[in-house]
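Working notes, beginning with the structure itself.
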Amino acid sequence: MADGLRTSVASHRKRSVADEPVTSVLPGGDVPYDPNHEFNADEEVLAALGYKSEFKREFSLFTTFCVSFAVLGLLPSFASTLYYGMGYAGTAGMTWGWIVAMVGIQSVAMSMAELCSSMPTSGGLYYAAAVLAPPGWGPLAAWVTGWSNWLGQVTAAPSVNYGTAAMILAAASIQNPDYVPTDYQTFLLTVFIMLIHGVMSSLPTRWLAQINSGGSTFNFIALIIVIILIPAGTDRTDRGLSKFTPSSEVWGTIYEGTVFPPGISVLMSFIGVIWTMSGYDSPFHLAEECSNANIASPRAIVLTSATGGLFGWFLQLVVAYTVVDIDGVLDSDLGQPFAAYLVQCMPQKITLAILALTIIAGFAMGQGCMIAASRVTFAYARDDCFPLSSWWKVVNKHTQTPVNAVWFNCVIGILCLFLIFGGSIAIGALFSIGAIAAFVAFTTPICIRVFFVGNRFRPGPWNLGKLSIPIGAIATGFVALMVPILCLPSVTGADLTPDVMNWTCLVYGAPMLGALIWWVVSARKWFKGPKVNVEHMMLGRGGNVVEGE
């Protein structure tokens, strides 16, 4: 018998998989068991999903929410994506457009939380897709979901850190107008931030929880300060303008930032809110490090999405009511639209103060992104999804964290940063990838749950009840609409040149096509979905013991 968890005929008191509120890859009659260790409640649920506990459970509801909110990073996320949110549809897309988008996004979050309560494992959406898919389709569903989710996760830290580096250099340019940031300087500074985050993400879980609690607290405080400071400190009146733009203009004017009809332009502007709100799945991936995971983790998902949606809208409003010239924001030599916006309507000292708060919050956000991505990489490597998975799934014996996965992601992220030299549109593809890849992964298991599962789904203690199917259908429809919209370029015809092309379809589509080709050529022969590492026994059959990996 291997060293993993075992089952025993003598232990009729042990709960079978069917006794747990989970939807598992294991048959309902299996009984996970370890003769040398008595499961606690969290270990029992995880064992029923086919896994043994490998992390210390030192995250609570609050600290899990802190990591998730840090990954969400409303203030730095807004600052990094303002070019798209404001540039495609102007203030109309920022005000009522945000509300429309949040209906779909909150539906995705609630449906995901329900899956998390039923399957609280680091594999998250990937595990859910494998278990819920129709017979014979589980491995392919897991493969597509896993690769899409990983692409979203691995591009999150470099895109956030790029935004942070651009704001640092823009602040330097504001302080010294003769200085103009270069792509080379932005690249080196972003790489430096990535390396710092790699070191920090390799620390023990207890330290990470404390660091992210502080980072998330600062993120929230900085957000409140900025929401108050912008309307209070604006100097629009000193520039011969009204203190705020009239509501009729803010809500009713759709900026012509694309060649498409106004309605399509508003939908294209959703890239800002979708990318900003794409971090609330972090509690799912941290579920194996969270106590009372099947309740705390889904609550953290919904709390992050709802809190982020509300306060993100407040931030959108104060900017929409105070922006002076949208063209000036988009075309500024500062190279960072949020900094250019602040220069238009704020005194220099307040501008630099707001940028400083945003930069610190962005640093904390990038750290949270790297932690979440490493847990996803670990979970997929545990099931041999990557080349050299045996290296990436190693848990460091000193820190009890997946250090190898951290540095694997860090190297991939640095390679992605070479897009900086392709111009603002090319590096912007990282943000579109993050939005599309994340929400395709979010919605694949939700779609399967709504249209294919029926009564095979066993809800956990946190569930939507009768609203599960309608909310899941709204979530699926929203993402199905947005995926092609986010691939559209802002111009067409003769005006569409390589430097203004939306490269999202290529930068996201090429890796996904490669993953599908790998599946057809090789992976379908050996990849069978999530690999259990629990030894288990069919109830009532003493000799039929299945050993874990």
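Backbone N, Cα and C define each Cβ position, glycine as well.
Per TrEMBL, the feature transmembrane segment maps to 59-84 (among others).
Through the fold, the transmembrane segment (96-113) approaches residues 89, 125, 251, 266, 269-270, 273-274, 277, 280-281, 284, 297-299, 301-302, 304-306, 309, 312-313, 316, 439, 442-443, 446, 449, 462, 464, 468, 471-472, 474-475, 477-479, 482 of its own chain, all at least 6 residues removed from its boundaries and within a Cβ separation under 8 Å. Under the heading transmembrane segment, TrEMBL lists 96-113 (among others).
The annotation transmembrane segment is assigned in TrEMBL to 125-144 (among others).
Marked as transmembrane segment by TrEMBL: 184-203 (among others).
Among the features that TrEMBL reports, transmembrane segment is placed at 215-234 (among others).
Positions annotated as transmembrane segment by TrEMBL: 259-280 (among others).
Taken from TrEMBL, the feature transmembrane segment covers 301-324 (among others).
Marked as transmembrane segment by TrEMBL: 350-373 (among others). Below 8 angstroms of C-beta separation, residues 67-68, 70-73, 75-77, 79-80, 150, 153-154, 156-157, 160-161, 163-164, 167-168, 170-171, 174-175, 193-194, 197-198, 200-201, 208, 211-212, 214-216, 218-219, 222-223, 225-226, 229-230, 233, 279, 281-282, 285-286, 338-339, 342-343, 406, 409-410, 413 of the same chain, each at least six residues beyond the ends of the transmembrane segment (350-373), sit close to that stretch.
Annotation comment: TrEMBL describes 406-427 (among others) as transmembrane segment.
The transmembrane segment annotation in TrEMBL covers 433-452 (among others).
Annotation comment: TrEMBL describes 464-488 (among others) as transmembrane segment. Counting same-chain residues at least six beyond the ends of the transmembrane segment (464-488), those with a Cβ under 8 angstroms from any Cβ of the stretch are 103-105, 107-108, 110-111, 114, 258, 260, 264, 267-268, 270-271, 274, 432, 435-436, 439-440, 442-443, 446-447, 449-451, 502, 504-505.
The annotation transmembrane segment is assigned in TrEMBL to 500-521 (among others). Residues 140, 143-144, 147-148, 151, 419, 425-426, 429-430, 432-433, 436-437, 486-491, 527 of the same chain lie 6+ residues outside the transmembrane segment (500-521) yet bring a C-beta within less than 8 angstroms of a C-beta in it.
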With the transmembrane segment (301-324) as the reference, find which of 59-84, 125-144, 215-234, 259-280, 433-452 contributes the most Cβ pairs under 8 Å.
59-84
State the non-local partners of the transmembrane segment (406-427) in its own chain: residues 6+ outside its ends, Cβ under 8 Å from one of its Cβ atoms.
83, 153-155, 157-159, 161-162, 183, 186-187, 190-191, 194-195, 197-198, 201-202, 335, 370, 373-374, 377, 391-392, 499-503, 507
Remote residues contacting the transmembrane segment (125-144) - C-beta distance under 8 A, at least 6 residues beyond either end:
23-25, 49, 112, 115, 118-119, 281, 284, 379-380, 385, 441-442, 444-445, 448-449, 452-453, 456-457, 512, 515-516, 519, 523-524, 527-530
Should anything in the same chain at least six residues away from the transmembrane segment (184-203) have a Cβ under 8 Å from its Cβ atoms, list it; otherwise answer none.
157-158, 161-162, 164-166, 168-169, 211, 335, 363, 366-367, 370-371, 374, 396, 399, 401, 403, 406-407, 410, 413-414, 417-418, 420-421
